[in-house]
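Participant: This is the structure I have questions about; it appears just below.
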Amino acid sequence: MAWPSVFQRGTLLSQFSHHHVVVFLLTFFSYSLLHASRKTFSNVKVSISKQWTPSAFNRSIEPVEIWSSNHLFPSAEEATLFLGTLDTIFLFSYAVGLFISGIVGDRLNLRYVLSFGMCSSALVVFIFGTVTEWLHFCNKGLYCCLWIVNGLLQSTGWPCVVAVMGNWFGKAGRGVVFGLWSACASVGNILGACLASSVLQYGYEYAFLVTAAVQFAGGVVIFFGLLVSPEEIGLPGIEAEENVEEDSHKPLINGAENEDEYEPNYSVQEGSTITQVKAISFYQACCLPGVIPYSLAYACLKLVNYSFFFWLPFYLSNNFGWKEAEADKLSIWYDVGGIIGGTLQGFISDVLQKRAPVLALSLFLAIGSLVGYSRSPNNKSINALLMAVTGFFIGGPSNMISSAISADLGRQELIQGSSEALATVTGIVDGTGSIGAAVGQYLVSLIQDNLGWMWVFYFFILMTSCTIVFISPLIVREMRSLMQRRQARILSG
């Protein structure tokens with residue numbers, strides 16, 4: 001049985017100090033706030049679309065003149081297409097920024113990079129959604145430029161928080177710890193939906209105002225309160241602790257085809273000093289085993305996951321005719337499913353000591369859940385249930401790849417002894433995923449406008465299938481390893 005290996009290596013709770021708890025909470029809520037500001041944009045799309053089209057003002061002759069001086073689009077369809085374009089612009093700049101932020105994060109203090117990104121992004125969001133509306137200044141070029149800058153600034157978040165978590169939490173139980181921690185994005189979505197819906201009655205500009213203010217305050221807290229590694233306060237790093245453990249040289253991800261063939265290429269001698277290794281290059285990070293397959297797989301999966309993130313409230317309001325505030329609150333159930341899915345699947349992968357087979361099973365079931373959700377009736381309770389199931393099987397694997405698996409990839413044996421690769425690897429995985437998501441957001445708006453929502457779900461099913469295809473070599477290898485382990489256990493028993 002694999003159960004003892006998980007708990008014998010850790011007794012996780014006994015290893016956690018109050019510093020671990022503080023780091024967990026600070027990184028969790030910092031990224032939650034970043035996601036909350038992104039979610040605000042998706043939650044107010046209906047209001048923005050109405051504001052940018054004549055339907056908001058054509059009640060009488062005089063308001064038409066007001067609209068004529070501020071309008072952007074002659075129809076709601078064109079406004080919707082531009083909203084999809086903004087999503088695409090944001091994600092492309094976010095993807096480019098992730099590749100850069102990962103490299104920068106491995107070379108500068110992670111606390112400074114994260115705090116700067118949070119505060120600067122909050123100011124951009126405030127200008128984009130609040131200042132422009134207060135001044136009644138509507139300009140497509142300005143909106144595009146602001147959203148490009150916002151994407152670059154927001155990209156500082158994920159590589160930094162994953163690197164900080166990787167500095168504090170070791171391999172033992174990483175799946176369940178990171179599975180629970182990766183709920184930060186979903187919690188941010190829920191927080192953003194609640195904040196937006198609570199003030200939406202006063203105007204969409206106040207939704208941006210509230211989330212930007214909270215995010216800026218969070219950036220200040222991070223600047224003064226976050227410890228990026230145990231060494232900052234004189235505690236031993238996680239690698240020093242892991243290297244003395246009996247099973248520490250068998251990570252969940254390594255480049256060997258067979259576990260039995262793996263020979264550790266380093267040793268730990270008592271009294272030896274830890275050699276500081278320089279940050280690896282971008283090319284070296286790409287060549288690490290598993291980085292490219294998981295990056296390509298995440299490009300497809302993040303496309304689906306972020307499409308739900310950006311378009312779910314709009315879909316519920318547009319397809320079922322539900323009020324925007326009701327659609328915002330109902331969309332929370334997708335994130336609830338993702339939180340449960342990421343935590344449970346991370347725990348199972350810790351038990352098996354393998355990630356890919358757990359992902360494969362969840363993704364196969366995700367295809368069925370997409371089929372079911374695409375045929376959801378006009379009933380809020382049934383829709384919420386199907387939405388939560390879909391979030392479990394799509395959001396769960398997405399959380400695993402972007403957090404626990406990225407941490408595994410950035411701390412595998414080929415770079416053992418160096419903590420200066422984790423942000424770079426995380427940036428590559430999440431950056432590639434964001435490129436896929438960026439292309440997807442434009443395609444979703446295009447497919448929906450020309451073919452309807454059902455074809456959007458067909459597109460999601462295709463992308464989920466591609467995710468399985470990209471990690472299929474890893475699935476086969478890890479399944480073979482599990483079978484060999486089982487056979488060895490039977491023979492030894």
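From the backbone N, Cα and C atoms, a Cβ is placed for every residue, glycine too.
What TrEMBL records for 12-34, 79-100, 112-135, 176-200, 206-228, 291-312, 332-349, 356-373, 385-409, 455-476 is transmembrane segment. Annotation source TrEMBL lists domain 'Major facilitator superfamily (MFS) profile' at 23-479.
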Participant: Over the domain 'Major facilitator superfamily (MFS) profile' (23-479), what is the model's mean pLDDT?
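Facilitator: Taking every residue of the domain 'Major facilitator superfamily (MFS) profile' (23-479) together, the mean pLDDT is 79.
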Participant: Short question: which residues 6 or more past the ends of the transmembrane segment (291-312) have a Cβ under 8 Å from it?
Facilitator: 38-39, 41-42, 87, 91, 189, 285, 327, 331, 334, 338, 363, 387, 390-391, 394-395, 397-398, 401-402, 405-406, 409, 425, 428-430, 432-437, 439-441, 444, 456, 460, 463-464, 466-468, 470-471, 473-474
Participant: State the non-local partners of the transmembrane segment (385-409) in its own chain: residues 6+ outside its ends, Cβ under 8 Å from one of its Cβ atoms.
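Facilitator: Result: 158, 162, 165-166, 169, 171, 174-175, 177-179, 181-183, 185-186, 251-253, 288, 290-291, 294, 297-298, 301-302, 304-305, 308, 312, 330-331, 333-342, 344-346, 349, 355, 358-359, 362-363, 365-366, 369-370, 372-373, 376, 422, 425-426, 429-430, 433, 464, 467.
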Participant: State the non-local partners of the transmembrane segment (455-476) in its own chain: residues 6+ outside its ends, Cβ under 8 Å from one of its Cβ atoms.
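Facilitator: Hits for the transmembrane segment (455-476): 290, 293-294, 296-298, 300-301, 303-304, 307, 356-357, 359-360, 363-364, 366-367, 370-371, 373-374, 394, 397, 436, 440, 443-444, 447-448.
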